[in-house]
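Enquirer: Below is one structure. I have some questions about it.
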Amino acid sequence: MRALVIDDSRAMRRIVASILEGFGYETRPAGHGREALDVLEEGWVPDLACIDWNMPVMDGLQFVSAVRAVPAWRQVTLMMVTTESEHGQIVKALAAGAHEYVIKPFTADAIGDKLSLLGLMPVPA
Amino acid sequence: MSAPITALLDGETVTAVAGEVWSALVGEGELLLPGLGPVAPAVDGPSAWVTVTGPWDGVVVLTCGASGTADLTRSVLQLDDDEQPTAEDVDDVLRELANILGGNVKSLLPGPSALGLPETGPAPLRAEDEDTCRVSASWRGHDLAITIQGASEAPAHHTTEVPK
């Protein structure tokens, strides 16, 4: 399974990628929404995108809306991973097309639980 | 104008929030020990901060003692003990810690608020004491300070978030 990790913090990209790779994912990083769209447009369409909210250039909500506007990317599961924890923000992200929402700080177990709920936990070979 | 931060938050709550952030980001079992005494000592080192804009306007600032920045960065990025992090790595780690601290502090404040993008550099000027909540802490013997301080005017807000 493949995951795109979108966060303007290199530290956070590394932490999320390390958790996902531990679960068996192949990951690619992107520093903001526009960079992530470039990855999709070049044909690397992941099963999962983990998306920060507040980023320069293109934020997470704009990225979610952009992905949902393209039918060919409909199978990508979108999971917000963000410090935005207000109910209104969560509702806004889900309304825009995000499937799940993880609030920072999180643990590897919390990510694993969300992946299991989404049916996206890779089966060990 | 909103109530001052001291009416909205206390040091104990901020310390508890910071402890959770530390455990999740710096490493399981990494303890952030509360500083002793009622007055936080000055911490000489780089700062990272994030603005909060809403009913309460201000900044959440994390300042790390100069001696601790490399250790902190190694721990967050899971680098080897002999690996020297770059200045860019140090800034990135401090910014992300400030970002998560800021987000969690924001969730404790009244009303919807917006979080800016985190920045690093010399700490922003301190606000009036009555609109400042400052706690000191120690991690692996390195001093840290978390300052939540009001702005007299709405702070510069660098974000790409679409206004409500």
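In case you wondered, yes, glycine gets a Cβ from its N, Cα and C as well.
Those TrEMBL annotations? Automatic predictions, nothing curated.
Given the structure is predicted, the values throughout are model-derived calculations rather than measurements.
When I checked TrEMBL for this same protein, it listed these features:
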DOMAIN    A:2-119  domain 'Response regulatory'
MOD_RES   A:Asp52  4-aspartylphosphate
Enquirer: Could you list the residues of the same chain, at least six apart in sequence, whose Cβ is under 8 A from the Cβ of A:Asp52 (4-aspartylphosphate)?
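Expert: Result: A:Ile6, A:Asp7, A:Asp8, A:Ser9, A:Met12, A:Gly60, A:Met80, A:Val81, A:Thr82.
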Enquirer: Taking helix as H, G and I and strand as E and B in DSSP, count the residues of the domain 'Response regulatory' (A:2-119) in helix, strand and coil.
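Expert: For the domain 'Response regulatory' (A:2-119), the helix, strand and coil counts are 55 helix, 24 strand, 39 coil.
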Enquirer: Express the predicted model's confidence over the domain 'Response regulatory' (A:2-119) as a mean pLDDT, rounded to an integer.
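Expert: PLDDT averaged over the stretch: 95.
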